[in-house]
Amino acid sequence: MNSLANNNKLSTEDEEIHSARKRGYNEEQNYSEARKKQRDQGLLSQESNDGNIDSALLSEGATLKGTQSQYESGLTSNKDEKGSDDEDASVAEAAVAATVNYTDLIQGQEDSSDAHTSNQTNANGEHKDSLNGERAITPSNEGVKPNTSLEGMTSSPMESTQQSKNDMLIPLAEHDRGPEHQQDDEDNDDADIDLKKDISMQPGRRGRKPTTLATTDEWKKQRKDSHKEVERRRRENINTAINVLSDLLPVRESSKAAILACAAEYIQKLKETDEANIEKWTLQKLLSEQNASQLASANEKLQEELGNAYKEIEYMKRVLRKEGIEYEDMHTHKKQENERKSTRSDNPHEA
C-alpha cells in the first residue's frame, strides 16, 4: 500500500512538474513567435532593439528563474523519494530548453539587426553600411551583459550547482542545434552577398565626376608622343613624294622649293606640248580622212572606166569573129611581127 501511495504521489508530482515545464515552454514559444512576426513585418528598428534588449533578456531571465524555482521546489519535495537520476534528467531538460530559448532570442536579435542594416545601407550608401555593420555587432555583445548580471544575482549554492550543470549541457545543446545554426549562417552569408550586389548595382552619386586620365601627366605625355608620331609620319610621306617628283624632272634640284617650282614648270610645258600634239593629230586625222575620200572617188572612176574598156573589148571580139578573124590568130600574128622587129633591130646589116 505504501508503495502504491508513493507511486501515485510521484506520478502526481511528475505531472505537476511536466505541466509547469510545458507552461514555461509555451510562454517562451509564444514570445519567440511574437518576436519573429515583428521581425518579418519590419516593425522593429535598430534603435528600439538597442533599447529593449535589456528588458527582453530580463523577462527571459525571470521566466527561466521561475521555471528553475518550480523545478527546485519540486526537486526538494521529492528529494527523499526520487533518485538522483530523475533530478539530473529534469535539470538537463530545463537547461536545454533555456539554452534553446536564449539562442533563439539572440538569433532573432541578430536577424533584425541585419535586416535593419540592409535597409539603411540601401538608403544611405556604402559609408553608412560600415556604420550599420558596427551597430549590428554591438547588440549581440550587449545582449550577453544582462545574462552575466543575472548570473551574478543568483548566488545560492543550489543555483550554483544548477549553473554548473547548465554549463555542462550548453555544448551539447549547441551541438544538437549545429545544422540550424549552420543554415542561419548560410542565410546570413547569402544576405550579405545580395547586399553587396545591391550596393554594386546602385547608381553613382550625383555631383561627382569620374576621375579621367585627361588630368594626369602620363596621359598628357602619351598624347604628346602620339602627336609627334603623327607629325613624323606626315613629314616622311611629304619627303618621299618630293624625292619621287625630283627623280621625274629632267633637271636635278637640291631644295624642296626649287624641286616644286621646276616640277610646276615642267608640268606646264608637258601640258602645252600635249595640247599641240592633240591639234596636230586632229589635223592629220582630217587630212587622212580627206585623202581616203579622194582615193575612194578615184577608185570608183577607174572601176567605171575599166568596165567601159571591157565592154569595148567584147565588142571588138564580136566584130573580128564576123570577119572570120579569130582573136587568138591575131594575137599570134602580132607576136610574130614583134619578134621580127626585134630581130631586125639586132641585125641591121642583113636588112
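Residue numbering: from 1, along the chain as shown.
Positions of Cβ are set from backbone N, Cα and C atoms, glycine also.
Screening Ser84, Ser160, Ser226 against Swiss-Prot annotations picks out Ser84 (annotated as phosphoserine). Among Ser32, Ser45, Ser73, Ser118, the residue that Swiss-Prot annotates as phosphoserine is Ser45.
Record note: of Ser48, Ser140, Ser155, Swiss-Prot gives the feature phosphoserine to Ser48, with no matching annotation on the rest. Helix, strand and coil content of the domain 'bHLH' (222-270), in residues and according to DSSP, is 42 helix, 0 strand, 7 coil.
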